[in-house]
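Asks: This structure is in structure tokens; I'll ask about it shortly.
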Amino acid sequence: MPKSLPLSHLFLALALIGFFLVPYAWSDSRVIVGYCVLTAILAIMSYGVDMITSDLGEVSLGQALFLAAGTYGVGIGTTRLGLSPVATLALSIVVALALGAVLGFITLRVREFMFSLVTYCAAVVAHEVAYNLEFLGASEGILGIPSMELTLGPFSYVADTNLRLWPIVFLMLLLVLGLMALFRRSTLGAEALMSHLNPDLAESLGVNLRRTRLKVFLLSAPVTAVGGWLYAYQRNYVGPDVFEPYFIMLFLSAVILLGKRLLLGPLIGVALILFQERFLSLGGDGNKVFLGALLVVMLLALPRGALSLFRK
Amino acid sequence: MQLSYFLQLLLNGTVAGLGYALIAIGWTILLGMARLVNFAHGTMYMLAAFVTWYLMRMQGFEYLPAILVSCLVLAVLCIVMQHMMARQIQTQDLTSIMIITLGISYILTGAAGLFFGGTPQNIASPLRALRLTVGDVRLTGLDLTIILVTLIIYAAVWLVLRRSRIGAAMRALAEDGKLAQLYGINPALLLGGIFAFEGASVALAAGLIAPRAPILTTMGFQEVILTFVIVVIGGIGSVPGALVAGLAIGIFISFFSALVSSAFALSAVFATLLVFLVARPSGFGKGI
């Protein structure tokens, strides 16, 4: 007799199916379709941060570097090299891995605030480079990125609207969710958690802390880069604004909001934050105050996340 | 290169470097004594600059009283932050402290934007009008004040840490907080003093350095980076180390900007930091 699915899996499946159908149910509303697409893209980026924050116990403030690897991979790949979406995806991932390897190597010997500050420095310097380097479009960025066009033999699919981009974005979200679930069940996931919760014990059991940290860092880089890759096609533009502190604030808030190590946590977190920004906006500066206050209040009042209110 | 040009670059670098060191002194003490970081440090610099500007422009304060009130405001803000994070500080939950201060930084940026607006402003320091010339080398009264105040503050901090009972208590706190408590030292009170000093010192730095360029509510990130580089290269918690590192970085940026590229000066400083992290992670100086 086949085993019945646990209730949580059923809830997960229903929630994702429901989310997938929302843009089609409100296909006339550009606002709702755009909201869903952006939520999924930013959630994908957040999962890269989630891996490092929730599992490794570090705060990487350099994740914008990998986001930029994805966006600039598309910008350079399409406008200068004429690459296809699949090729720009490969380029984005390779660049993110290379950047992750360099940053991971530098931060091998540092932890906690030193790790955060070094990654923060890396993001600030990358911003300076992107802002000044003509090759990367400098302060103007790269305009004229074409819509994503997938071709297979005689078939072609052009994602020239948010609604047409949605299935691709959703598919990538599912892949990232699958990767997160596999990671947390894997030996690497267990080693990452052990090295975070009790590094001495982890080492005594034979876990190589530095190697584990580097592997997790390298795994998180392409995840965020994939989000960047989609973001570039969605906006048809790439610029140094991807280095703005807004992104890291959003990612951290999304990861923390419901509670760490929850599979749908970052997705729901991003959805709630973007809902406030899109439908209950307080203006640019007001939204900054709200997002910052959300982060502070959550950590001070509910350090285990909002779901801890409903747990015994 | 002409000698006068070289000397001018050296002087510019010295002023800028001592300015960086002045911004960094509060963080050096906070990190050295309490092993805490405050990501809102740069935003506090921005806020202090705007408080000074607001008091002078809107409330009719003179330059010096405006700086003093700004120091008081920032000291109170830091004490409030300390009380807010009391539980995290007690349990040394550094990850949460980092994220909370990052959140506070974002709140301050947004609140400053709402209150002060997005237009660049200028702090009208009377010291800028004072011009001094030695041969072909020029400096303003403000430059001279930055040099003197930084050296005085660093000397005073060094003396307090080395020669006073408060300094001994702080060193005991840095060495072993629990044992220091057994000996009758009140860690919360001492931490309150350290936080207040961080706020007041960054406000003083803002009052002296910010008048050199227009101020914006979006500034502060560069200050955090430079402060961090100074603290790391100087040796975490080392007061003389922070002074030397600040000076060295200021002179480096001055020459690099003039002779190579001003756009990539910060990147060059960061590259220096990376070399240090790989080659000498403990920095040059010894901790407190």
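Even glycines carry a Cβ here, placed using N, Cα and C.
According to TrEMBL, the protein carries these features:
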- B:6-29: transmembrane segment (TRANSMEM)
- B:36-56: transmembrane segment (TRANSMEM)
- B:62-82: transmembrane segment (TRANSMEM)
- B:94-117: transmembrane segment (TRANSMEM)
- B:137-161: transmembrane segment (TRANSMEM)
- B:188-210: transmembrane segment (TRANSMEM)
- B:225-249: transmembrane segment (TRANSMEM)
- B:256-279: transmembrane segment (TRANSMEM)
Asks: Is it the case that the transmembrane segment (B:6-29) and the transmembrane segment (B:137-161) touch, counting contact as three or more CB pairs under 8 Å in which the residues of each pair are 6 or more positions apart?
Replies: yes
Asks: Quick one: do the transmembrane segment (B:94-117) and the transmembrane segment (B:36-56) reach 3+ CB pairs under 8 Å, ignoring pairs fewer than 6 apart in sequence?
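Replies: Contact confirmed: at least 3 Cβ pairs fall under 8 Å.
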Asks: I need to check the long-range neighbours of the transmembrane segment (B:36-56): which residues 6 or more away from its ends have a CB within less than 8 Å of a CB in the stretch?
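Replies: Contacts of the transmembrane segment (B:36-56) (Cβ under 8 Å, skipping residues fewer than 6 from its ends): 23, 26-27, 30, 62-63, 65-67, 69-71, 73-74, 77-78, 81, 89, 94, 97-98, 101-102, 104-105, 108-109, 112, 115-116, 121-124, 198-199, 202-203, 205-207, 210, 215-225, 227.
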